[in-house]
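What follows is a single structure, written as structure tokens, with notes after it.
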């Protein structure tokens, strides 16, 4: 994709993911200062950790859907310009999906930390933040396995993605995300909190200062 912004600046390919980090940092602050207090004033209750995680799940598969649509458009542009190695489509088309990832993380990870910190026995509370790294590590392995299966069974991920169907991979992730969210809702519905009076106030979160 075209990574130029103006005539003299080109975004380094490895820096594209900075939009995720910026989005996460920005929305963490917005949620902490505005969204969560407003929600509590309107409903009289704070969002529980499981509700925050659930919102993160929804945003995750919505992000994959947006990614699939953008990739489909990119492939159409690529086929119309097969003579060019660079698809004449701005890399900024990726920003919305990366921003959604950041918003998802702003809900999901603090919700997970709050949940672990709140529900773990006192002697294990220090493991709360470490659990996030464990979950991320496991998911990286699962992602690698999924990509390997896709490459072995389809032609969607060739060396040149302009000849592949990366959008189909994203749609698979959308379906997987929806199924995962359904399973999560069932588990969350039957889960009984052990260590809170009603709900965890946003100010009790380890992310709150």
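The backbone N, Cα and C atoms fix where each Cβ goes, glycine too.
Record features, source TrEMBL:
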TRANSMEM  12-31  transmembrane segment
TRANSMEM  52-70  transmembrane segment
TRANSMEM  90-109  transmembrane segment
TRANSMEM  130-150  transmembrane segment
TRANSMEM  170-191  transmembrane segment
- Sequence-remote contacts (6 or more beyond its ends) of the transmembrane segment (52-70), Cβ cut-off under 8 Å? 93-94, 96-97, 100-101, 103-105, 107-112, 114-115, 167-168, 170-171, 173-174, 176-178, 180-181, 184-185, 188
- Task: Could you tell me what the rest of the chain brings near the transmembrane segment (12-31), counting residues at least six beyond its ends with Cβ under 8 Å?
- Result: 3, 91, 94-95, 98-103, 105-107, 110, 202, 207
- Tertiary contacts of the transmembrane segment (130-150) (same chain, 6+ residues out, Cβ under 8 Å): 109, 112-113, 116, 156-157, 169, 172
